[in-house]
Amino acid sequence: MDNQIQATDGVAEVASPALPEYRDLVSLSFTKSLTSWPLFILLAGSGIVLSVTAYLIEFGTTLGVWQVLALTVVMFIALYINVLGTVVAVKYFLNDGTEKISTYFSEVSSSAWSYLWVLSLSTLVLFSGFIMFIIPGIILSTYLMFALHTRAAESATGMDSLVRSTELVRGYWWAVTARLIFLTLAMVVIFFSVGFALGILASIVGLTQDTADLISLLAVEPIFSALGSIICLYAITVMYKALVAMKAGVVAEPNAVRGWYIGLAILTPLLMVAVLALELLGFMNEFDFVDPAQEGPGLMETEATV
């Protein structure tokens, strides 16, 4: 948060930077989601296209091979745009929306692979954390929360983005996590209430359950997802700015955490191979494999009897 000027005993003082209060964070984030229409259109539009194409591919029984291929291409393009839209939202909020969405999208597109690499590294590290008893993954998710922000605002690349994010969170892990939990609970309550109201409206209008479910899948869920993304990304951006101000001049030793993250990123593919191997062994154990040599005499006796 920006420094605020306060007057005490007639003397102007500059308040030290701090994380926003819980209610303020929720209020600001929800308000921002209702005023960021270009960003909402980008995220919701790509999300709807993604949902529709995935639905057509899965349930389109009359589609030909070329139609399925075309829809698959459209689906991956929509997914790509949706992912870039997340990064665009980060840059948009970091710069207080001073430029058009198209300008930020162009900037992000020119460095797309750099952002995707940061996302990939974060995913690899988090996967290892979650597969190891869940709790390490939850802890790491907060430490890596600002990786995209450090890439967008500080030009940190690759593993440097993850390390810088960890430096910002260190010492404030619980404060950041608690605010995110509070924000998430508020989102669940409000979104559930709106969804419940829409369900009642659908029954009043006379929509069948199948039609209501289809509309929810193809339109309502992508819209809620876009709103949720905007709310969360804005809240994270507000906390990022506050932590940058609070940590000004603080120098950390990142070598240790860098080693851990590199190790976890390398461990993820190994864990995936191990999980697949266990799944394969479990699948094979479901079948009774009998040695044909042991069945031979029995079969011969049966044939002789016949």
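Including glycine, each Cβ sits where the backbone N, Cα and C put it.
As given in TrEMBL:
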TRANSMEM  37-57  transmembrane segment
TRANSMEM  69-94  transmembrane segment
TRANSMEM  114-146  transmembrane segment
TRANSMEM  180-208  transmembrane segment
TRANSMEM  214-240  transmembrane segment
TRANSMEM  260-284  transmembrane segment
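Contacts between the transmembrane segment (260-284) and the transmembrane segment (180-208): absent, as fewer than 3 C-beta pairs lie under 8 angstroms at sequence separation of six or more. Counting same-chain residues at least six beyond the ends of the transmembrane segment (180-208), those with a Cβ under 8 angstroms from any Cβ of the stretch are 22, 25-26, 29-30, 142, 145, 215-216, 220, 224, 227-228, 231-232, 235-236.
Long-range contacts of the transmembrane segment (37-57) within the same chain: residues 63, 68, 71-72, 74-75, 78-79, 81-82, 85-86, 88-89, 92, 100-101, 105, 217-219, 221-223, 225-227, 229-230, each at least 6 residues beyond the stretch ends and with a Cβ under 8 Å from a Cβ of the stretch. Tertiary neighbourhood of the transmembrane segment (69-94): same-chain residues 32, 36, 39, 42-43, 46-47, 49-50, 53-54, 56-57, 60, 63, 101, 104-105, 107-109, 112, 115-116, 119, 148-149, 152-153, 229-230, 233-234, 237, 240-241, selected by CB-CB distance under 8 Å and a gap of 6+ residues from either end.
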